[in-house]
Amino acid sequence: MTDERPSTWRPGRMESDPARLVALDVLEQVRDGAFANIALPATLKRANLSGKGRGFATNLTYGTLRMQGRWDAIIRMCVQGRPFEEIDPLVIDILRLGAHQIQGLDVAIHAAMNETVNLARNEVGSGASGFVNAVMHRISERTAAEWDEVLAAELADQGPKAVLAAQTSHPEWILDVYEKSLVASGRTVADLGDVLAANNGPARVAIAPRAVSRETVMNDAREARATPLDGVLMPDAIVLERGNPGRMQSIRDQSAGVQDEGSQLVAHLLAGAPLEGRDEEWLDMCAGPGGKTATIAGLVQGRNVRVFANELHDHRLDLVANAVAPFGDAVALREGDGRTLAREEPNRFDRVLVDAPCSGIGSLRRRPEARWRKTPGDAEGMMELQAGLLAAAIDAARPGGLICYSTCSPDVRETLDIVNQFTDRVDVLDTVDVARTMVIPGSLDTISGPYLQLWPDEHDTDAMFAALLIKK
Ligand SMILES: C[S@@+](CC[C@H](N)C(=O)[O-])C[C@H]1O[C@@H](n2cnc3c(N)ncnc32)[C@H](O)[C@@H]1O
């Protein structure tokens with residue numbers, strides 16, 4: 001396809017809708033390696049988009065990126081024999097945006113068609129617009145349920161997992177990993193579809209009050225014209241149904257923070273699990289960017305506790321410093337490899353958190369492009385580091401001290417396979433039982449097994465894992 005991209009609008013042509021242009025721009029940046037959650041705000045700002053246009057551009061961008069696998073599978077069937085790989089990537093992006101408007105959002109078909117064809121004409125050229133027009137027509141001829149059937153028939157020879165992967169827009173290997181961890185956490189493979197569907201919705205904006213009361217945060221939210229609701233898991237958490245947390249005073253002055261309820265629970269587990277004996281020095285071994293450190297710092301206010309926040313990378317330690325600024329001396333910062341800490345100070349800390357670096361496949365809702373960038377080998381590559389960090393955490397804890405190991409991945413290679421290497425060395429507290437005392441009653445009822453494994457479909461959180469251990 002020839003590249004006839006015009007740089008300016010020409011008389012007689014319909015200008016492209018600014019929100020769709022923003023979405024296309026971000027998709028191009030993501031193709032070049034950018035992260036959507038960083039590229040989108042900057043692009044929105046440059047385009048000076050606000051209000052409804054901003055909301056539409058955000059939904060369109062994130063939704064299209066999440067559903068890219070499904071849209072590509074459908075587009076492949078609509079290009080009538082043309083090799084997908086030979087189509088201009090910009091045209092593919094325009095088609096993905098068009099498919100998402102028709103199939104994933106409530107945009108009227110004629111509006112989605114016109115805007116998409118127009119975008120192709122203005123950004124690529126008239127040759128491309130004819131092609132896009134034809135493909136869009138084919139996409140619009142079926143409902144979502146009908147496309148599910150067509151995908152099932154088309155991919156039948158590759159097996160049911162390939163079909164589910166395409167229908168739910170995930171790489172197939174993630175289905176294998178989730179299946180194993182669903183079973184390991186007491187659920188069944190029949191639940192897989194629900195988890196995958198939950199990954200395709202936007203993550204809720206949850207807020208943790210830290211240096212202010214819950215009531216103050218609720219009032220702040222209302223003043224910022226947001227709609228605050230109760231959390232699903234944590235009694236203190238607030239969820240914004242609508243509105244921009246960046247407008248809230250308590251978010252701006254960091255006395256509260258935007259944080260997934262699963263992450264809030266991990267901070268509460270570290271701070272609230274029962275412990276015998278001295279309880280004054282805590283270590284957060286992998287603290288960057290500092291979300292859990294800040295929540296922990298909020299929880300220890302008024303207690304005689306010093307939190308030591310350690311982070312390997314200096315730029316991430318700067319983020320921790322910023323996150324804990326409202327808490328003054330309660331948090332001491334350290335820069336270094338968590339694994340060397342124990343050698344310097346064995347048997348020192350009363351409570352140790354290892355929020356380990358991990359493959360991150362439990363937080364796909366909030367990182368729309370992540371599922372397409374991660375690889376099946378990512379978890380394997382983290383295991384030695386994770387086990388090394390947990391070993392060091394156990395060494396750094398005092399006898400009788402508590403260790404919390406957590407990941408934002410449910411992959412058993414990063415969760416059970418790591419923790420089980422140490423359970424013959426330490427007494428293991430039953431995490432789930434401890435956790436039940438901290439959450440809204442009933443919200444963890446479906447979890448069985450000794451450790452905590454949250455799921456986006458059941459708990460409306462990231463798929464966080466946590467285990468509590470007590471050192472002998
Ligand atoms: C999952 S993140 C922690 C998130 C953090 N606890 C929060 O809630 O904001 C893991 C962190 O561990 C850091 N890290 C990686 N290797 C490390 C090591 N050997 N020692 C200490 N920190 C490390 C990474 O830079 C990253 O910031």
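Cβ coordinates come from backbone N, Cα and C, glycine included.
What TrEMBL records for 193-472 is domain 'SAM-dependent MTase RsmB/NOP-type'. According to TrEMBL, the S-adenosyl-L-methionine binding site annotation covers CYS286, ALA287, GLY288, PRO289, GLY290, GLY291, LYS292, GLU311, ASP337, ASP355. As annotated by TrEMBL, active site, nucleophile applies to CYS408.
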Original post:
Given GLY290 (S-adenosyl-L-methionine binding site) and the residue listed as 'active site, nucleophile', what distance in Å do their CA atoms have, once rounded to a whole number?
Top reply: 15
**OP:** Count the other Cβ atoms sitting within 10 Å of the Cβ of LYS292 (S-adenosyl-L-methionine binding site), across every protein chain shown.
**Re:** 28
Subject >> Nearest-integer angstrom distance between the alpha carbons (Cα) of LYS292 (S-adenosyl-L-methionine binding site) and CYS408 (active site, nucleophile) >> reply: 12
Original post:
List, in sequence order, the same-chain residues at least six positions removed whose CB sits under 8 Å from that of CYS408 (active site, nucleophile)?
Top reply: GLY262, SER263, CYS358, GLY360, GLY362, SER363, ASP462, ALA463, MET464
**OP:** Provide the number of Cβ atoms within 10 Å of the Cβ of ASP337 (S-adenosyl-L-methionine binding site), excluding the reference atom itself.
**Re:** 14
Original post:
So for CYS286 (S-adenosyl-L-methionine binding site), how many other CB atoms are inside 10 Å of its CB?
Top reply: 22
Original post:
Residues with Cβ closer than 8 Å to the Cβ of GLY288 (S-adenosyl-L-methionine binding site), same chain and 6+ apart in sequence?
Top reply: GLU311, LEU312, HIS313, ARG316, LEU317, LEU319, VAL320
Subject >> Averaged pLDDT score, the domain 'SAM-dependent MTase RsmB/NOP-type' (193-472) >> reply: 96
**OP:** Measure the Cβ-based neighbour count of GLY290 (S-adenosyl-L-methionine binding site), defined as the other Cβ atoms within 10 Å of its Cβ.
**Re:** 26
Original post:
The record names CYS286, ALA287, GLY288, PRO289, GLY290, GLY291, LYS292, GLU311, ASP337, ASP355 as the residues that bind S-adenosyl-L-methionine; what is their largest Cα to Cα distance in Å?
Top reply: 19
